[in-house]
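K.L.:
One structure coming up, written as structure tokens, with questions to follow.
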Amino acid sequence: MRLAIRALLACAVLGLCLAEQTVRWCTVSNHEVSKCASFRDSMKSIVPAPPLVACVKRTSYLECIKAIADNEADAVTLDAGLVFEAGLSPYNLKPVVAEFYGSKTEPQTHYYAVAVVKKNSNFQLNQLQGKKSCHTGLGRSAGWNIPIGLLYWQLPEPRESLQKAVSNFFAGSCVPCADRTAVPNLCQLCVGKGTDKCACSNHEPYFGYSGAFKCLADGAGDVAFVKHSTVLENLPQEADRDEYQLLCRDNTRKSVDEYKDCYLASIPSHAVVARSVDGKEDLIWGLLNQAQEHFGTEKSKDFHLFSSPHGKDLLFKDSALGFLRIPPAMDTWLYLGYEYVTAIRNLREDIRPEVPKDECKKVKWCAIGHHEKVKCDEWSVNSGGNIECESAQSTEDCIAKIVKGEADAMSLDGGFIYIAGKCGLVPVLAENYETRSGSACVDTPEEGYHAVAVVKSSSDPDLTWNSLKGKKSCHTGVDRTAGWNIPMGLLYSEIKHCEFDKFFREGCAPGYRRNSTLCNLCIGSASGPGRECEPNNHERYYGYTGAFRCLVEKGDVAFVKHQTVEQNTDGRNPDDWAKDLKSENFKLLCPDGTRKSVTEFKSCYLARAPNHAVVSRKEKAACVCQELHNQQASYGKNGSHCPDKFCLFQSATKDLLFRDDTQCLANLQPTTTYKTYLGEKYLTAVANLRQCSTSRLLEACTFHRV
């Protein structure tokens, strides 16, 4: 009896273990069930141990999404539109593995939707009303969903019938698959014969990517909505392509070869989705990675992962070449991209915003942590609601919110401007620290500040830049300019490895791994334990003043800006730890191995650093710029209501929302990118340090790299 019970228990445990090691793949047809069974059996033949495959059948992709959310299945491959659906509540699924196309040496996980026009025409994207349009087909991504979603707020009222609204917007169109009886204007330009006119197939000559481009080339239409490769595929000669241009979202034009800087939206590839919590994403990746190694393109004669005798695009697209794992920090909205999500939201009545996203009524500022949120809320009240506040626990979380449209702007140090730029954000206004007079300050951004290494004058004279190994270090924060990117970039070029926690004996580098020696010196929040080494003001050693305090109380060297010592000594900081400090009690370490007075920073610094700058999404930049100029007129250094009501550039603690020594926010050229703002030298330094990067957001933002 006991043996029987033990056997039953063993079987139960084994069953649970196998269930935990099995990926339940959701299928939507009998043909998919057949391929899934072949997939399951083929995996067993080469990998008898887990991960295993089990097949679950549902009647539609939406039913598969529900099954995964309810833990009745684990995975299914979806197109971008369904990835969007799966990411919504109550499903909350996330993409975990992407199909890639193109080539294995240059894998492509997305394509660009573009608007193509003839070069000799003279209108912009905001002047399409009354023009003639060519579309790949009704409901298709590049040819309909993206352009119509982005143009939605320009469409004439009423918009309840989207097809009728579009037919009233354009003078004439060819939209294959449209109802030519109900909305004849959408089929007016089509050239199919008889019942093939406006057909949802190649029987309509203007159907699909090449068809929509032919509609433009023939002179039937004024604009064609296609994908970025369409012109190249149809016009391989550069001279012929030169007759066409792209319409950009900022109402300019570029050549058809400049599609990466002039597109309507990036449309990501099909992706495997899973639950956001307990979603088996490691197991799913392990399964698919092994599957592509054994059954990928030209790998096996018996089972083919990316084709099937049972039909087309079963389980995966036949055109896929393989899989790439999606970074953990990449949720549905980062995977799909802001432009794509905006377009799809506009087409969905149930989730459409009440006002167009580009309407400049309010700016939503992103605050990091509790102290910044308190200041932001005070700013919001004084602004009369023109400023709203969103908050997150780290700078990277705030950047992600801006990328996804959940916030609009924040001010960043150069290291985070680099990450924000890689995520598609642009610098809008620069903080100025030296220039004090009104218009001269606003119209002239400064060249930057100096990143320095500070030590105590009383420290061993042998403590120099060349003898930092084994010392205790204090940093403003990981990925910040003066406190991390510049000094660690210089160190990396000397030591040729990324193990900074072994180079320094211990330190405080907010944002580093919590169990590392580079978090040993951190002291966390005054309100209680548990916030040590957080990259926000809950960590009292965070930021310039925090890193300097770390030096005063615990460290051997602090990496800060050149103004930090001056701002916290000689009575300028009344806090208990700083009130008795003298500037002459500190020295700078020079890269040549000498030490100098803190006043000699111009001849003893590690590198020039770009000033902090406000960043936003490109389409929101003009609005952010306009509103912040209004705000600093009231609450800036010489604002009409500072200090009696509120001051933008003052903080209860240090450097909240902006640096406290900011004199004004200065205009930048509208064409400024993160690259031009940061400068070539700084970009090179940061790029060299990227192989040491711990930034999960940077990994996510550079996933769609082609």
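Positions of Cβ are set from backbone N, Cα and C atoms, glycine also.
Residues or ranges marked as signal peptide by Swiss-Prot on the basis of similarity to another entry: 1-19. The feature domain 'Transferrin-like 1' is assigned by Swiss-Prot to 23-349, with sequence analysis given as support. Among the features that Swiss-Prot reports, disulfide bond is placed at CYS26-CYS64, CYS36-CYS55, CYS174-CYS190, CYS248-CYS262, CYS360-CYS623, CYS366-CYS398, CYS376-CYS389, CYS441-CYS664, CYS508-CYS522, CYS519-CYS533, CYS590-CYS604, CYS642-CYS647 (among others). The annotation dimethylated arginine is assigned in Swiss-Prot to ARG40 on the grounds of similarity to another entry. Sequence annotations record features per position, and here Swiss-Prot assigns Fe(3+) 1 binding site to ASP79, TYR111, TYR209, HIS270 based on sequence analysis. For THR136, ARG140, ALA142, GLY143, the entry in Swiss-Prot reads hydrogencarbonate 1 binding site, with the evidence type sequence analysis. What Swiss-Prot records for SER391, SER693 is phosphoserine. The hydrogencarbonate 2 binding site annotation in Swiss-Prot covers THR476, ARG480, ALA482, GLY483.
Describe the structural context of these features.
P.N.:
Taking the Cβ of CYS26 (disulfide bond) as reference, residues of its chain lying under 8 Å away and at least six apart in sequence are, in sequence order, VAL56, LYS57, ARG58, CYS64, ALA67, ILE68, ALA73, ASP74, ALA75, VAL76.
A sphere of 10 angstroms centred on the C-beta of CYS55 (disulfide bond) encloses 19 other C-beta atoms. DSSP gives CYS55 (disulfide bond) a strand state.
Counting every protein chain shown, the Cβ of ARG40 (dimethylated arginine) has 17 other Cβ atoms within 10 Å. Annotation note: ARG40 (dimethylated arginine) sits in a helical segment as assigned by DSSP.
Long-range C-beta contacts of HIS270 (Fe(3+) 1 binding site), restricted to its own chain and to partners at least six residues apart, with a cutoff below 8 Å, comprise THR77, LEU78, ASP79, ALA80, ALA98, GLU99, PHE316, LYS317, ALA320.
Mapped onto three states, the DSSP output places ARG140 (hydrogencarbonate 1 binding site) in coil. Every protein chain shown contributes to the tally, and the Cβ of ARG140 (hydrogencarbonate 1 binding site) ends up with 21 other Cβ atoms within 10 Å.
The Cβ of CYS190 (disulfide bond) lies under 8 Å from the Cβ of CYS174, PRO176, ARG180, LYS197, CYS198, GLU204, TYR206, each of which sits 6+ residues away along the same chain. Following the DSSP three-state reduction, the secondary structure of CYS190 (disulfide bond) is coil.
According to DSSP, CYS248 (disulfide bond) sits in a coil region rather than a helix or strand.
Over all protein chains present, the Cβ of CYS623 (disulfide bond) has 20 other Cβ atoms lying within 10 Å.
There are 26 other CB atoms within 10 A of the CB of CYS366 (disulfide bond), with all protein chains counted.
The DSSP secondary structure for CYS376 (disulfide bond) is helix.
The DSSP secondary structure for SER391 (phosphoserine) is strand.
In this structure, CYS441 (disulfide bond) is part of a helix by DSSP.
DSSP assigns GLY483 (hydrogencarbonate 2 binding site) to a helix in the three-state reduction.
Taking a C-beta cut-off of under 8 angstroms and a sequence separation of 6 or more, CYS508 (disulfide bond) has the following same-chain neighbours: SER473, CYS474, HIS475, LEU518, CYS519, ASN520, LEU521, CYS522, ILE523, CYS533, GLU539, TYR541, ALA547, CYS550, LYS554, GLY555. Look at CYS508 (disulfide bond): DSSP puts it in a strand.
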K.L.:
Under a criterion of Cβ-Cβ distance under 8 Å and sequence separation of at least 6, what residues of the same chain contact CYS262 (disulfide bond)?
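P.N.:
When sequence neighbours closer than 6 are ignored, CYS262 (disulfide bond) has VAL114, LEU246, LEU247, CYS248, ARG249, THR252, ARG253, LYS254 within Cβ distance under 8 Å.
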K.L.:
Within 10 Å of its Cβ, which one of these disulfide-bonded residues (CYS36, CYS64, CYS174, CYS522, CYS533) has the largest number of other Cβ atoms?
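P.N.:
Of CYS36, CYS64, CYS174, CYS522, CYS533, the one with the most crowded Cβ is CYS174.
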K.L.:
Compute the mean position of the Cβ atoms of THR136, ARG140, ALA142, GLY143, which form the recorded hydrogencarbonate 1 site, and then list in sequence order the other residues of that chain whose Cβ is within 8 Å of it.
P.N.:
ALA113, HIS135, GLY137, SER141, TRP144, ASN145, ILE146, GLY208, TYR209, ALA212, PHE225, VAL226, LYS227
K.L.:
Please identify which of THR136, SER391, THR476, SER693 has the densest Cβ environment, defined as other Cβ atoms within 10 Å, among these recorded positions.
P.N.:
THR476
K.L.:
With THR476 (hydrogencarbonate 2 binding site) as the reference Cα, tell me which of the recorded positions CYS55, TYR111, CYS360, CYS604, CYS623 is the closest one.
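P.N.:
For THR476 (hydrogencarbonate 2 binding site), the spatially nearest of the recorded positions is CYS604.
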K.L.:
Restricting the comparison to the recorded positions ARG40, THR136, CYS376, CYS398, CYS590, which residue's C-alpha is spatially nearest the C-alpha of TYR111 (Fe(3+) 1 binding site)?
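P.N.:
The smallest Cα gap between TYR111 (Fe(3+) 1 binding site) and any of the recorded positions is with THR136.
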